[in-house]
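Engineer: Starting off with a structure, shown below.
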Amino acid sequence: MDSIVTTEDTIAAIASAISIGKGGVAIIRVSGKDSINSCKKIVQTKSKYAWESHRVFHGFIQENKQNKFIDEVLISVMKSPNSFTGEDVVELHCHGGIIIVNKVLKILLSSNSRVRLANPGEFSQRAFLNGKIDLTQAESINQLINASNTRSAELAFSGIQGEIKKKINDIKNDLINQLCEIEARVDFEEDFTDFDYTKYLKNIKKVKEKIELLIENAKRNSYIHNGISIALIGKTNVGKSSLLNLLAKKEKAIVTNIPGTTRDVIEINLTINDIPMKIIDTAGIRETSEQIERIGIKKSFRKIKESDFIIYIYSLEEGFNEEDKKIIQEIPKEKLITILGNKKDLIDCKNINSNELKNTILMSIKNNDGERLLIDTIIKKCGLKQVENINIFLNERHLANLSACLSNLNDTDEIIKNKLPFDLLSIELRDGIQNLSKITGQELTEELLDNIFSKFCIGK
């Protein structure tokens, strides 16, 4: 955008993290056409650089006209259009205690009728509307703020630098080139008998491969940011709670030889290989008349459906029997699963049936023998063995629009295959381009934009 979108009101909010209630410095951000004048009303300063753009100067916050100072601050000014939002922006750097920062914000709001508290994500929304950032960059800022590990933060920062936009525009340009050739023929009513269908299908196949790779990466990098939920499933006394304690490096679950000890779900959050994981210990599955235990078993099956990954544990002493097979048949086919044979220290592994060994990890949870292999297997099956190859983070909104575009391109294949009118090709390509444009924010309704930015924190 070349022009700056102006709004009648000026917004203000605490822009720094204050979740623990105190810190060395807190920042109050003010944006809008009245930001400088509103701050002048509450700031006393003798600096010769006062209120110049891209200057930081010293001052005091004044509570009333009696010159009662309540805090000593640094003030930075960024005048339109050279600011994050594209508007005039002032940032007040005050001391970080929750009491004082709220006091400064209250004084600012009460002294200026044209200044109001910002809505969640409103600073970023104004930056987007003023063309300072595209929608993927705005979402990446929120992603970075909420990153739960360093890899997630790295992926978010690549989005801030415009990597998502680059990949989407690359695909979009490919489709625009195809659309131009087709529409030129439609507009001039040229004969399509000499149209190179093979070349077109080859080009579209390349575009679809790019989209499919992004979709595949989107599924994997969701694990990086949101974590992998892993349910420990199996019969009673096979070592589920012991495995939970082993992974947690502390006793989180009670372990006894009495069947049915675990009657409720126990969850712990860990970070392994810089990937967040939620480990879920469930009640042992068996036939029982005990009501509380039966409730726990129902929860076990519920967690099977809710989890990303299943570790099915059985005892090598007992072997993998019909009861185990029956339980595994209850696990949805699409679920990622690893079968773990526990208590290898109690048997001679040479005597294990070769069919039982297939796709099974042998482990002694008691002796911590096999933990590394188990973790490596989880990471490999989740497609995270080479996370360095994943260089952008795509969220569910991006994924939905990419999938819609892919559907449009598949429809063009059907149009050619069934020799349908050529103008239908143009329609599908236009729809595909529109779905890609929604990702960067070029084709979105105001209502949808409000919904996206409402998920941001206040102050960003």
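Glycine is no exception: its Cβ is also placed from the backbone N, Cα and C atoms.
From Swiss-Prot, for reference:
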BINDING   R29, E91, K132, K460  (6S)-5-formyl-5,6,7,8-tetrahydrofolate binding site
BINDING   237-242, 256-262, 281-284  GTP binding site
BINDING   N237, T256, I258, T261  K(+) binding site
BINDING   S241, T262  Mg(2+) binding site
DOMAIN    227-383  domain 'TrmE-type G'
Engineer: Using C-alpha atoms, which one of the binding-site residues R29, E91, K132, S241 comes nearest to A283 (GTP binding site)?
Structural biologist: S241
Engineer: If you draw a 10 Å sphere around the Cβ of S241 (Mg(2+) binding site), how many other Cβ atoms fall inside it, taking every protein chain shown into account?
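Structural biologist: Looking across every protein chain shown, the total is 23.
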Engineer: For the domain 'TrmE-type G' (227-383), what is the mean per-residue pLDDT, to the nearest integer?
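Structural biologist: Mean per-residue confidence for the domain 'TrmE-type G' (227-383): 81 out of 100.
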Engineer: Could you give the Cα-Cα distance between K132 ((6S)-5-formyl-5,6,7,8-tetrahydrofolate binding site) and N237 (GTP binding site), in whole Å?
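Structural biologist: With the alpha carbons as reference points, the distance is 59 Å.
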Engineer: According to DSSP, does K240 (GTP binding site) fall in a helix, a strand, or coil?
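Structural biologist: Reduced to three states, the DSSP call for K240 (GTP binding site) is helix.
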Engineer: For R29 ((6S)-5-formyl-5,6,7,8-tetrahydrofolate binding site), list the number of other Cβ atoms lying within 10 Å of its Cβ atom.
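Structural biologist: Looking across every protein chain shown, the total is 22.
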Engineer: Checking the contact step here: among the binding-site residues N237, K240, S241, which have a Cα within 10 Å of the Cα of R29 ((6S)-5-formyl-5,6,7,8-tetrahydrofolate binding site)?
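Structural biologist: Correct set: empty; none qualify.
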Engineer: Given the binding-site residues K132, K240, which one's Cβ is surrounded by the fewest other Cβ atoms within 10 Å?
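Structural biologist: Counting other Cβ atoms within 10 Å of each of the binding-site residues K132, K240, the minimum falls on K132.
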Engineer: Sorry to bug you, but what's the C-alpha spacing from E91 ((6S)-5-formyl-5,6,7,8-tetrahydrofolate binding site) to N237 (GTP binding site), rounded to the closest Å?
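Structural biologist: For N237 (GTP binding site) versus E91 ((6S)-5-formyl-5,6,7,8-tetrahydrofolate binding site), the Cα atoms are 59 Å apart.
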